[in-house]
Amino acid sequence: MTDNIPLQPVRHKKRHDNKHRNGCCPWSRCCGLGDFRPRTVWLGHPEKREQRYPRNVINNQKYNFFTFLPGVLFNQFKYFFNLYFLLLACSQFVNELRLGALYTYWVPLGFVLIITIVREAVEEMRCFLRDKEVNSQIYSKLSTRGTVKVKSSGIQVGDLIIVEKNQRVPADMIFLRTSERNGSCFLRTDQLDGETDWKLRLPVACTQRLPTAADLLQIRAYVYAEEPNIDIHNFIGTFTREDGDPPVNESLSIENTLWASTVIASGTVVGVVVYTGKELRSVMNTSNPRHKIGLFDLEVNCLTKILFGALVVVSLVMVALQHFAGRWYLQIFRFLLLFSNIVPISLRVNLDMGKMVFSWMIRKDSKIPGTVVRASTIPEQLGRISYLLTDKTGTLTQNEMVFRRLHLGTVAYGMDSMDEVQSHVFSAYTQPSHDLPTSRAPAATKVRKTISSRVHEAVKAIALVHNVTPVYEANGVTDQAEAEQHYEDTCRVYQASSPDEVSLVQWTESVGLTLVGRDQSSMQLRTPSGQILNFTILQIFPFTYESKRMGIIVRDESSGEITFYMKGADVVMAGIVQYNDWLEEECGNMAREGLRVLVVAKKSLTEEQYQDFEARYVQAKLSVHDRSLKVATVIESLEMEMELLCLTGVEDQLQADVRPTLEILRNAGIKVWMLTGDKLETATCTAKNAHLVTRNQDIHVFRSVTTRGEAHLELNAFRRKHDCALVISGDSLEVCLKFYEYEFMELACQCPAVVCCRCAPTQKAQIVRLLQERTGKLTCAVGDGGNDVSMIQEADCGVGVEGKEGKQASLAADFSVTQFKHLGRLLMVHGRNSYKRSAALSQFVIHRSLCISTMQAVFSSVFYFASVPLYQGFLIIGYSTIYTMFPVFSLVLDKDVKSEVAMLYPELYKDLLKGRPLSFKTFLIWVLISIYQGSIIMYGALLLFESEFVHIVAISFTSLILTELLMVALTVQTWHWLMIVAELLSLACYIASLVFLHEFIDVYFIATLSFVWKVTAITLVSCLPLYILKYLRRRFSPPSYSKLTS
C-alpha cells in the first residue's frame, strides 16, 4: 500500500505543527499533555504509565461551561455592527449625551443578545448530547476481577479491551488476540481513510499462542510505541515479553494495529490501548471545528460600515452648518446619537430570525425528508456555492458491487443472459465431453462445446483467483460447527479485503460454482451436482497498488494439474497475455459504461516448471538486498504468454438519482470535484459512470510525479489540453502543491471536473482551503465518513450524508441529508430562496431606518440644525417593532418562482453567483429611494401643516407607516396569506395605539378630513412614482425568472 503522508503546503507547516503539538487546549502543557512522546505500555496495567495521557473522549463542542458566555459575547461584539450599538447604549449613561429613555437603546440590544445566546446554547446542547452518546458506548475490559464493562470515555492507555464483530474500535490499539481460527481478522477502515477494501490485520504471534485471553494478565509484557502522529498508514513499535525463556521480542507494524474509528469485520479481538483522546490517529486527522461566518454576514457588515461613515458625515455637516458654535464636540456626539437609526439595530435581529425560519423550512420540506440543519447561521450560503467537493464511496456510490458483464472475446454475457452461463457450467460438470459420441455430434454442437468449455474455464478461474474466505455463522437452526461441516448455504458469508472480490465469488455461486471452504493452504469448490472439488494453494501473489494484479498457483487434487491463475487491470495484463485483437477495445467499451474491468488469464504448469519456479522464488525471498525487486523478477518469469480467459465487469452501484443531480449542479454553474481515498481506476470508473465527466469530455490522468522536474513537465503537458477533466493521485498532488501551487490551482480551477484519488483526510481539507484562498468563491463539501470530517469543517458549507459509514460526517456537518440527490433541492430551492430573501429583508430594514433618518435630517435642518429628536419614546421603538416588523419580516415567505421551476431551470441559480441580490448597486438604489421618500414625507408634512407642531408629527408619522406598508406590498412577488395578515395586523395596531399616544399625537386632529387628504396626498407622492417605475422595468426589461413565471 502506498503511504499517504498528508501534505502540508510550505507556508502552513509551522501553524499545523503547533496545532498538533499543543492540542486544542492552551493549558495542555500545564496538564502534562504537552509534547507527544514515545511510550512504553504494560499489558493490563494502566497504573504503570510513565506520563499523563489525554482522556478518551470525543468533543465536537465549540465552547465549554466557562467559555460559553465570554465566547458567544466575543463572537457577537467582534462585529463592528454590534460593538457600535453597545457603545451607543453605554453613552446614554452620560447626562450630556442622553436623548431619551434608556430603554430605547438597551431593550433592542438586549433582545438581539438573548436570541443569539439561546440559539448558540441550543446548538451546543445538541452537540454535547451527540458526543455523550458516542462517549457512553459500552465495551468489555479484561481485568484481574475478570471481564468488566467500561464506557468508551473511561478507557485508558494500557487497558486490555475486547471488541466484538461489527463494533467500532474505541481507541488506537495493538492487536493481541482473535477468536478466528485462521489467526487474523479483517477491518473496515472506510471511516478512517475512505477505502472500501477491508484490511487484513495480524495479532502479535506470542499473545495469539496463549491458551486463553485471561492469560494476557498473567504474563509480564509491554509494548513500545512511537510518539502519536498523523500518519494512518504506518506504525513503528515493538512487543516484549520479559518472563519468557528466552525473553520474546517482536517488531510491530501497521499490520498489528487497530486504529480508532475502524470497525471489526470478523471475529472477536483483544487489543491493548496505546493512544487515547487527542492522540488518536483519527482525531489528529480531523481539524478543529471553526466558527463559520457567512459571506452574506460579512457583506452586511461592510454595508453597515458604509452607513456608519454616512452617519459621521451627516453629523459633521450639521455641526459645520452651525459654524462649530459653542460646545460643538458635544453637538457632534448628540447628532451621532440622533441619527443612530441610519445603522439599524433591528437588521441583525431580523436576519437571525430569518435564518431560523429558513432552517425550519429546510427541516420541514417533505421532498427532502430527514434533512437536519445543525448550523442555523449560514443557510443563505447554500445559495452561492461555486465549488462542490464530494467524497465517492457511500456518497456518490452505495458501496455495493454488482457483477454486470462476462466477456469472452467472441461472446459477451450481460445480466439478462446469465442463465446461459449457468447452463454451460451445469453441462460441463454433468455431461462430460467423452459421453457424447463424436460421430453423432454435428458441427454446431462442436462450436457450442468449445463455447461451453471456455465459459466453464472462465468461471472456474474467477472462483479460484481471489482472497475471499467463506465464514459460517450460527443462524438459530444450525450451529456453527454443523454449518461448517455441511457447507450450509444459509449460514455462509464471504469475507474479503475488497467488495469487488466478494461480488465475483457471489456471481460464481449464482451460476453454479460455489466457494465453500478455504484456509491458508487449500480451497474447496462445490459443483452444481454437489460434488466437492479440492484445490491446494501452492502460492499466492497478493494485489498491490504498484503491480495492479493478483495471482494464485493451485493444484487440482483430483487430477494433479498445476495452474497459475491471474487477474488484474487491463493496463498491466495487456502485456502479459498472448496476442489478441479485442482486449483493448472491449476494455474501453466496458470502462465507458462505468464498469470496473478485470482481465482474467491462466497458464498450465508442469511439476518440473513449478519446482524450478518455487526454488527460485524461495531463494529470492531469502535475499537481504533488493528483496522485493528479486521476488518481482521471479514472478514475472511466470507472467508470460498467459492464456486470456475473459473480462469481468463489476459496477459499484450509484446512489439514487446521482446523475441527474450532478447534471443540475453542472447547469447551475457549480464545478464538482471528487476527492476520494480510493484507487485511481475505481475513481475514474465512478466519475464516468456518474457522468461527473460527460461522454464528450477527455480525461487527463496526471502521471505519478515525485520530483520538481517531473511535475513541471506534466503540468506543461496538462496546460496544452482544453475542456478536459483532470484525474490526479494524492502523492502527485502533494508534489505539485509543494513546488507549483499557484500554477496547479489555476489550471485545475479551469477544468470542468477534477478527481483526486488516494487522498488523505487532511489533504481533502487542504484542497478546500486552497480553493477558498485562490478563487475567493464559496465551497461546499459533501461526505459520509469519518475521513470526510476535516473537509466538511473546512468548507464554507459542510453537508453530511447519513450512510452505511455511520453518522460521524453528518454530526460534524452544517447540514445533514439522507441521500446525495437531496443536495439538488437543498441548493437550488432552499439555498436560492434563503439568499434572495435575506437580501430583500436586509435592504428593506436598511430602507426603513434611512427613511426615518432622512426625515430627522430634514427636520433638524429646517429648525436651525437643532439636535432635537423628531419622534420620541414609544414612537421611535414602535416604528421598527409592532408597526412595521411583521410586514417587513414576512418577506422571508416571498419567492420569485415555484420550487418546481427552480429545479427545472438550475440556470436561475447561476445568476446568484454574481452576488447581485445584495450588491453596492442595489444598496445605492435603496438608499436613493429612502432619501426620496423621507424627504417627500417630511417636506410634505411641513408644507401642509397649519398651526401646531403636533400636527407635523401626526401627518409625517402616519404617512411614514403607510409608505412602509405599501413598499412591502410593492416588493412582494408571490403573496402568502400570512403577508396579508401581517399588513392588516400592523395597520390595526397603529390605529388602536393612537388612543394611547395622545402625548405625541393630537387624537382630535386625526379624525378630521384635513388630516386624511394630507396623509393620502403625501403617501401617493412618495409611492406612486416607484410603482410606475417598477411597472415600466417589468414591461421593458424583465428579469430572467419573470420570463418563466409569466
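Our numbering is plain: 1 for the first residue shown, then up by one each step along the chain.
Glycine is no exception: its Cβ is also placed from the backbone N, Cα and C atoms.
Record features, source TrEMBL:
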| type | residues | note |
| --- | --- | --- |
| DOMAIN | 45-105 | domain 'P-type ATPase N-terminal' |
| DOMAIN | 145-279 | domain 'P-type ATPase A' |
| BINDING | ASP391, LYS392, THR393, GLU501, PHE543, LYS567, ARG596, THR676, GLY677, ASP678, ARG758, LYS764, ASN787, ASP788 | ATP binding site |
| BINDING | ASP391, THR393, ASP784, ASP788 | Mg(2+) binding site |
| ACT_SITE | ASP391 | active site, 4-aspartylphosphate intermediate |
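Put simply, the two farthest-apart Cα atoms among ASP391, LYS392, THR393, GLU501, PHE543, LYS567, ARG596, THR676, GLY677, ASP678, ARG758, LYS764, ASN787, ASP788, the recorded binders of ATP, are 32 Å from each other.
Look at the binding-site residues ASP391, ASP784, ASP788 and count other Cβ atoms within 10 Å of each Cβ; ASP391 has the fewest.
On a Cα basis, ASP788 (Mg(2+) binding site) lies 11 Å away from THR393 (ATP binding site).
Each residue of the domain 'P-type ATPase N-terminal' (45-105) gets a DSSP state, and the totals for helix, strand and coil are 31 helix, 0 strand, 30 coil. Remark: of the binding-site residues THR393, ASN787, the most isolated position is THR393 (fewest other Cβ atoms within 10 Å of its Cβ). Straight-line distance linking the Cα atoms of PHE543 (ATP binding site) and ASP788 (Mg(2+) binding site), rounded to a whole number, equals 26 Å. A C-beta separation below 8 Å, combined with a sequence spacing of at least six in one chain, links ARG596 (ATP binding site) to ASP500, GLY649, VAL650, GLU651, ASP652, GLU681, THR682, CYS685. Between the C-alpha atoms of ARG758 (ATP binding site) and ASP784 (Mg(2+) binding site), the distance comes to 17 Å. Taking the binding-site residues PHE543, GLY677, ARG758 in turn and counting surrounding C-beta atoms within 10 angstroms, the largest count is reached at GLY677.
For ASP788 (Mg(2+) binding site) paired with GLY677 (ATP binding site), the C-alpha to C-alpha distance reads 10 Å. Of the recorded residues, ASP784 (Mg(2+) binding site) and ASP391 (ATP binding site) place their C-alpha atoms 7 Å from one another.
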